[in-house]
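Noted in Swiss-Prot for the protein shown:
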DISULFID  CYS31-CYS84  disulfide bond
DISULFID  CYS35-CYS60  disulfide bond
DISULFID  CYS44-CYS65  disulfide bond
DISULFID  CYS48-CYS67  disulfide bond
DOMAIN    20-85  domain 'LCN-type CS-alpha/beta'
MOD_RES   ASN85  asparagine amide
SIGNAL    1-19  signal peptide
Amino acid sequence: MNSLLIIAACLALIGTVWAKEGYIVNYHTGCKYECFKLGDNDYCLRECKLRHGKGSGGYCYAFGCWCTHLYEQAVVWPLPKKKCNGK
């Protein structure tokens with residue numbers, strides 16, 4: 001019984017530690033969503049939740065919206081074969 005609890009705890013921890021993170025990206029331009037208020041940011045939190053679900057979090061990091069706790073298939077910046085503004 002103890003072994004089962006330890007295994008379940010490890011699986012939960014792995015899911016938490018290895019959750020995907022990254023900048024949300026505009027699929028049309030290939031650019032990150034910009035923000036100017038660094039740290040906790042309502043705009044970034046709202047955009048992350050809108051695009052990636054209720055479980056995600058977000059804040060402004062290096063003038064881009066950084067999302068946390070994303071599902072593995074979430075698309076984040078940089079997009080393959082697409083540079084920001086076509087550059």
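Note that Cβ sites are derived from N, Cα and C of the backbone, with glycine treated the same way.
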Neighbour count check, CB within 10 A, over disulfide-bonded residues CYS31, CYS44, CYS67; minimum at CYS31
Quick note, CYS48 (disulfide bond) and CYS84 (disulfide bond): C-alpha atoms separated, nearest Å, by 19
The one of CYS35, CYS48, CYS60, CYS65, CYS84 whose CB sees the fewest other CB atoms within 10 Å, among these disulfide-bonded residues: CYS84
Could you check what DSSP calls CYS31 (disulfide bond) once collapsed to helix, strand or coil? coil
By Cα-Cα distance, the member of recorded positions CYS44, CYS60, CYS65, CYS67, ASN85 nearest CYS31 (disulfide bond): ASN85
ASN85 (asparagine amide), number of other Cβ atoms within 10 Å: 7
May I ask which of the recorded positions CYS44, CYS67, CYS84, ASN85 is closest to CYS60 (disulfide bond) if we compare their C-alpha atoms? CYS44
Per-region confidence, the domain 'LCN-type CS-alpha/beta' (20-85) (mean pLDDT, whole number): 90
